[in-house]
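S.K.: A single structure is presented below for examination.
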Amino acid sequence: WIMGHMVNAIYQIQEFVALGANSIEFDINFDTDANPIYTYHGVPCDCFRSCLHYEYFSDFLKALREHTLPGNPKYKENLVLFVFDLKTNSLYDSQAYAAGQKLAENIFQYYWANGEGMPVSGYLVLSIPNLQHYDLIKGFRETIKAKGHSELLNRVGYDFSANDNIPDVENAYKKVGIVNHVWQSDGITNCISRGLTRAKEAVSERDGGGVINKVYVWTIDKYQSMRDALDAGVDGIMTNYPDVLVEVLKEDAYKDRFRLARNYDDPFETFKV
């Protein structure tokens, strides 16, 4: 999975897909009442990137729908996976459930069109930066189920993104009954070098049949760093330069071992690489 990083403006969706991304990540900010309001990263962010792009959340979700709705003029066949980087650290722990509810309400209305009409082809990963906010998952799932559309949860996965100890992450999932659809991230801003020790631990847990189904690293922009991540067996690389990863995947060491995920692939199915 080539995961385009910090795609917070609608016009950037097409830009990153054109560069080769089959997945995009964006930052979701909440107000003091736990409502998701807009996509925005802010300063500081990755080196050599603009940090200030933003859209209202409802408008961004509508754009995601257009890009993953077969028959729509803006439909992008190979755009498959969306990573919602949920900036919940601005909230109290007690607000996590409400944040999940309100996130579900927005996605159900603006991306899934209230469960009506032609289904969209995108899959979602809810990426949470705080292990204490596990109730966000519960709030999200219970809200979708209450709307009579539990089948939509087949298209939703989860990630805790704070580089916590893997056993602690697994315990958080146990608290809300999650046993699959788990992506595990590992990383740091592209301005700083980070080793792959924890990423390799996550890969081992994936291959050992644990709760982790997929592993991705962020934010990786250099050719050699991408090669190192692929050698470690990750499923996805989040990058500011999808075209660089496209070129790396064409190299002899990787062209027969990896292929780009397509819209017929299940982003929650475990592969041992």
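Every residue gets a Cβ built from N, Cα and C, even glycine.
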S.K.: Please pick, from Asp46, Asp59, Asp85, Asp93, the residue that Swiss-Prot records in the Mg(2+) site together with Glu25, Asp27.
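M.R.: Looking through Asp46, Asp59, Asp85, Asp93, the residue Swiss-Prot assigns to the Mg(2+) site is Asp85.
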S.K.: Scan Cys45, Cys47 and flag the one Swiss-Prot records as disulfide-linked to Cys191.
M.R.: Cys47
S.K.: If we check Cα distances from His5 (active site), which of the recorded positions Glu25, Asp27, Cys47, Asp85 wins as closest?
M.R.: Glu25
S.K.: Out of His5, His41, which of the active-site residues has the smallest number of neighbouring Cβ atoms within 10 Å?
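M.R.: Looking at the active-site residues His5, His41, the Cβ with the fewest others within 10 Å is that of His41.
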S.K.: Please report the distance from the Cα of His41 (active site, nucleophile) to the Cα of Glu25 (Mg(2+) binding site), rounded to the nearest angstrom.
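M.R.: Answer for this pair: 11 Å between alpha carbons.
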